[in-house]
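For reference, TrEMBL has these:
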REPEAT    137-171  repeat 'PPR'
REPEAT    172-206  repeat 'PPR'
REPEAT    249-283  repeat 'PPR'
REPEAT    284-318  repeat 'PPR'
REPEAT    319-353  repeat 'PPR'
REPEAT    354-388  repeat 'PPR'
REPEAT    455-489  repeat 'PPR'
REPEAT    525-559  repeat 'PPR'
REPEAT    560-594  repeat 'PPR'
REPEAT    664-698  repeat 'PPR'
REPEAT    699-733  repeat 'PPR'
Amino acid sequence: MLIPCDCFLHVPALPLTPLQNSTASVPCRDKGLTLQINSVYAPARTYEICPELTVTCTVARQTGKGKKKGNWIHYSGSLPAMLKALDDVQDVEEALWPWKDTLSNQERTILLKEQKDWRRAVEIFDWFRRERGHELNVIHYNVMLCTVGRARRWDLVLNLWHEMHSCGVAPDNSTYGTLIDVCCKGGREHATLLWLGDMCKRGLIPDEVTMSIVLQALKKAGEYEMAELLFRKWSSDSSGRMEGHPRYSLYTYNTLIDTYGKAGQLEKVSDTFNQMLKEGVAPSVVTFNTMIHVWGKHHRIERVSSLVRMMEEFQCFPDTRTYNILISLYREINDIDVAEYYFWKMKAENLVPDVVSCRTLLYGYSTRGMVTKAEALLKEMDERGFLIDEYTQSALTRMYVSAGMLQQAWHWFDRFHHQMNSDCFSANIDAFVEKGYIVLAEKAFICCLKKKMLSVSVCNVMIKGYGLVDKLDEACEVADGMERYDILPDYVTYSSLIQLLSTAKLPKKALHYLKKMQAVKLLSDCVPYSVVINSFAKNGDLGMVEYLFREMITSGIRADVFLYSIVIDAFAEVGKVQQAAAYFGLMKKDGLCESATIYNSLIKLYTKVGYVAEARETYKLLRSLDTDTNLYASNCMIDIYSDHCMVKEAREIFESLKARGSANEFSYAMMVCLYKKIGRYDVAHRICKEMQALGLLTQALSYNSAIQMYVSGGRMEDAFKIFKKMLVSNTPPNDATFKALNVILIRSGVTRNEIRKLELIRRNNTQDCLHQWYRAISLSLQL
């Protein structure tokens, strides 16, 4: 919140005296702003300190052609002659000599106000100051503050301000209103608020125009809450002075609506608009444009339609900006037909679409692949001499590429590449690489190189493109060659290469770029380390996993939960309990919250090594998290309980999964195995039937579980039926399948010699292997 304005809300009025030591009330300001505060609240100065406003260049004498006498006609007396003399004669004293003893305050004001060049106004003002008898009052200073403020000569503004203090000229409401206005229009929102603070400390209350300007400044600075607080306070004070509810101007209402809209306070937007109508203030096209933009930005299309109808009721005719807002709004919500309707309606209303109208609709056509309409609009724009901006240009390149019109895409790129900046080159190259047209991307890259527009973003896009087509050597070449063109790789460059190389199972190459990234101090987080460590973990190189983790911690980079989960899972995969537990302990020591991913890795580890108690405890912790219990962890628990014949515990988890609709093929297969182990073939058979009914018999593991269960229970025909389903589903049998089928053959009395022949056929992988096994089992079972 902006501190200086607090005085408007809380500080009582002070006498009209120079302010002292006021910088202390403005903490935490930047240096430049502090200097300005010191200037604004400077102590009174003597006249000698600032004798005149120094202007380095004088105003060239105007020729007869440049004179504008029309502005002088409405003045009476000697004023037209004075103004003409100032236009014709360079020296101010010579020009005004005939009237130097008779100039009135009003004439001095008009002479200053009528100057078109601020430098000429300063020359005249300095002459008034030097000549005795020419009294300068607050009005003259106000005119000069406005003149030099509009020229953005802030040094002269402050000089005039100090001079007023030293000469005893007290600023009035108009002085502050002028200062606030020029600062706001000059983009100095913070200075606007400082002037407001000084104004209120002097007991001066802003008028409605000044207050509206302050609201504009606060709106530009994004200080919506402060704007509302100030307006409420000012409005309350105004009500007290006016003995009733104040009536605001259209400009004030428009400013309030826009401020509330930008703050997202839609209810207050509606309330302000309704109050405006209630007060009898007719809305203007600016009001409706603001309202349409506000409601449209929040996707309240029904309100937008209502406002368009209301414009007709108020006979407030839409202007070009109205239609541009509507076209943009409907384009953003993917309703290109309505956007197009308003474009043509604008033409029907005899309003000529401007470059914004055309660009907005053209962008909509291009992003939706509407090639024919885009080209027709392009032709119209070319005929009217409208320039294509870089965003629309790259969108059209993308449109042609997406449509497979590569010749047109390249022609379009070639037409504009001489005027492209680096960002535009980057966007065009990206359009080519996203669809895998790496040759065109390379051609565009070479054009960029020749135009000396190469930048880190262009190189990053090329690296991305080479990665998409698996040209990793070329991607590395781009990165390695950047420094030859005085371009330093950034975080994105290195992290992209590390990701590409790690994904391609080239962790050693990825490590090379990780080291380079570290050398140039671009490593600010553990993400690049995580990618490389994960690649080494997938390659089974746990030594490098540990080495890189230690190196990272030593360099001062903290691991996050994701990295810990990678390391713990790597050790869990090979059943190394001690190391996994050690990293889990480190994670807790770092104060990181345990996550479902970590618990899943630990449960997987404990399942592999058969640690039932530890798995059970970890599963409890997993369930205590505010998240759905992971299916993988639940299946692991069913698996470990099945291995240890813990029927009750396994059944509880299985039934819980079924109740939630989460039980999958593995869950059912493990339960079949469990009941097979304890000889409950009736229950195993029922579960197997459920699997088939649910379509969960698709994987070799499930088929094998069912075949083995039926073989163990002596139900050979049922086992054979499952094998038959397996063949029909084109699920390849594996060693476990043939091992179970072998038992069927032996129990059916097939000789060992015949079985050896079948095994030989399988090992030789002959074409009719499955047919021979199927036929042998069918004959042995007499089916």
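From the backbone N, Cα and C atoms, a Cβ is placed for every residue, glycine too.
When Cβ-Cβ distances below 8 Å are used as the criterion, the repeat 'PPR' (699-733) is approached by residues 665-666, 668-670, 672-673, 675-676, 681, 684-685, 688, 691-692, 740-741, 743-744, 747-748, 770, 774, 777-778, 781, 783 of the same chain, each at least six residues removed from its ends.
Long-range Cβ contacts of the repeat 'PPR' (664-698) within its own chain (Cβ-Cβ under 8 Å, at least 6 residues beyond either end) map to 631, 634-635, 638-639, 641-642, 645, 647, 650-651, 654, 657, 705-706, 708-710, 712-713, 715, 718, 722, 725, 729, 731. The average pLDDT for the repeat 'PPR' (284-318) in the predicted structure is 92. Taken through DSSP, the repeat 'PPR' (319-353) splits into 26 helix, 0 strand, 9 coil.
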